[in-house]
Amino acid sequence: MVKISFQPAVAGIKADKADKAAASGPASASAPAAEILLTPAREERPPRHRSRKGGSVGGVCYLSMGMVVLLMGLVFASVYIYRYFFLAQLARDNFFHCGVLYEDSLSSQIRTRLELEEDVKIYLEENYERINVPVPQFGGGDPADIIHDFQRGLTAYHDISLDKCYVIELNTTIVLPPRNFWELLMNVKRGTYLPQTYIIQEEMVVTEHVRDKEALGSFIYHLCNGKDTYRLRRRSTRRRINKRGGKNCNAIRHFENTFVVETLICGVV
C-alpha cells in the first residue's frame, strides 16, 4: 500500500491559509493534511497454458489401459470358446461307436457274417487308446475293456466276465497308433472307407501274477487296480482260425485295425 500526503505550499499558500485560519476560527486549525491511500494493482501474470507434454502422456496411458482391457477380454473370450466349444467338439471327434461286419470261420464250417461292436476313445495327446467291447450278441467272445498304451508299450485286457486283468507288450503290427487309428475311424465315419471283414487270431498264455500295478503306468493302473492282474506271453499269431477245443482259453474279439482280432488268453487261473 502506498501512502501519499499533500503538504501546503510554502510562502503564498501559508499566507492564504493564515487568513483563512483566522476567519474560520480554531475549528479549522486542527484539520489534518489530506492523505490518499493507494493500493498497488496486482501484477497481472500471463495465463499459464497446460503442458501439452503432460496431456499427451496421460492420453497414452489411457489408451494403453484400454488396449490392455481389450486384450484381456479377447483372451478370456478365446479361453471360453476353446473350453466349451473346441474341447467339446474334440471330445466328440475322439469318441467312436463302431460296428464292423466280418466272416466268422470258427463257429461253423459255413462262413457266416457277424457284426462286432465296440466303443473307442482315442487320446491323441496322451498317446493311448481305450476300447470297450460289450457283450457280443451272437457269442464268440467275452466283454472286455482294452487299453493300448503307446507311451509304455503295453496292452491291458480287462476280461469283464472274469473281472481279471492281463498285461502284455504292445503288438504294433496289429494295433494301429492313435493318430492312424483315428484317421481310419474318421474315414469310416464319413463313409469313404470301410475296414476289411476278415479275422485273425492271436494266442497268449498266462505267465505270472503282477503285484506292482503302478509300474504299468497310470492308464493301466486305473483299469486294473483292485483286480487280479497277470502277465501274458504271446504264443502265436495267425490268419487261420483254430478251434479252441478243450483248451482252457477265454476269447476277446476286438478291432483296432482294418481287421478283427480274436485274442485267446490260455492258462487262465
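Including glycine, each Cβ sits where the backbone N, Cα and C put it.
According to Swiss-Prot, the feature phosphothreonine maps to T39.
If you look up Swiss-Prot, you'll see 57-77 marked as transmembrane segment.
The domain 'BRICHOS' annotation in Swiss-Prot covers 138-232 and rests on sequence analysis. Each residue in the domain 'BRICHOS' (138-232) gets a DSSP state, and the totals come to 23 helix, 34 strand, 38 coil.
In the shown protein chains, 23 other C-beta atoms lie within 10 A of the C-beta of C224 (disulfide bond). Annotation comment: Swiss-Prot describes C165-C224 as disulfide bond, evidence class similarity to another entry.
Here Swiss-Prot flags N171 as N-linked glycosylation site.
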For N171 (N-linked glycosylation site), the number of neighbouring Cβ atoms whose distance to its own Cβ is within 10 Å equals 16
How does the model score the domain 'BRICHOS' (138-232) in terms of mean pLDDT?
-> 91
Which residues, sitting 6 or more apart from C165 (disulfide bond) on the same chain, put a CB under 8 Å from its CB?
-> A156, Y157, H158, D159, V210, I220, L223, C224, K227, D228, T229, Y230
